[in-house]
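Read through the structure below, which is laid out as structure tokens, and then see the notes.
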Amino acid sequence: GVTPDLITFSILIKANCDAGRMGAALELRESMLRMDLAPDEVVFNNLLSGCINTPNMELARRLYADMIQGGVRPSNATFSIMIRVYAACKGLDAAVDMMRTEPELRGVECEPRLFVQLAQACLRERQGRRAVEVYKMLAQHSEPTMAINSNILGMCAKLNMLDTGAEIVAVANTAGGKIDPRDSERLKAVPLRKRRPGGA
């Protein structure tokens, strides 16, 4: 028979992860290791993606640790998947900690979209203070664009999180970020009876 190569394993692992068959996907990874085939970033990212639907934060953490130990450098795609895993497992505090330390530790230049993704996940869970914390991390990393601010402030208005929106506007102004006047008006237009605090 034909001996499977890295590409074959990668395809099979992705198919099993997509179908929610994590046990089979992990067995394939073990088969790779027995054949002295080292999983690459694509394989690890597929395995991590499988932890979103499961959802399984502990398995994702173990896989990420294996990835680092195996000398495979994570990418922006890896961190994006990890944020989704943490969000699915209600572990956003761990996601914030990861974004604060891991990218720099691994020599990865974070794309602003990662901070936006994490801030949005915090807002969806009504964790306003944490969303502001993530926005501050973004502002320290790079000047938030008007499009980014519009995205986040629009979500604050939609979720009636006025206090959180106001804090983000204040941080944006300090960081030199541009705010679309329409977004400020949308926040002001949130009816008083619907206004909710940002939450912990």
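Glycine residues also receive a Cβ, built from the backbone N, Cα and C atoms like all the rest.
Quantities reported herein were computed from a predicted structural model and do not represent experimental measurements.
Averaged over the repeat 'PPR' (5-39), the predicted model has a pLDDT of 96. Among the features that TrEMBL reports, repeat 'PPR' is placed at 5-39 (among others).
Here TrEMBL flags 40-74 (among others) as repeat 'PPR'. Counting same-chain residues at least six beyond the ends of the repeat 'PPR' (40-74), those with a Cβ under 8 angstroms from any Cβ of the stretch are 6, 9-10, 13-14, 16-18, 20, 22, 25-26, 29, 32, 81-82, 84-86, 88-89, 91, 94, 102, 106-108.
Feature annotation from TrEMBL assigns region 'Disordered' to 180-200.
According to TrEMBL, the feature compositional bias 'Basic residues' maps to 191-200.
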Distal contacts, the repeat 'PPR' (5-39) - CB-CB under 8 A, six or more residues away: 46-47, 49-51, 53-54, 56, 59, 67, 70, 72
DSSP helix/strand/coil residue counts for the repeat 'PPR' (5-39): 26 helix, 0 strand, 9 coil
DSSP-assigned states of the repeat 'PPR' (40-74) in counts, ordered helix, strand, coil: 26 helix, 0 strand, 9 coil
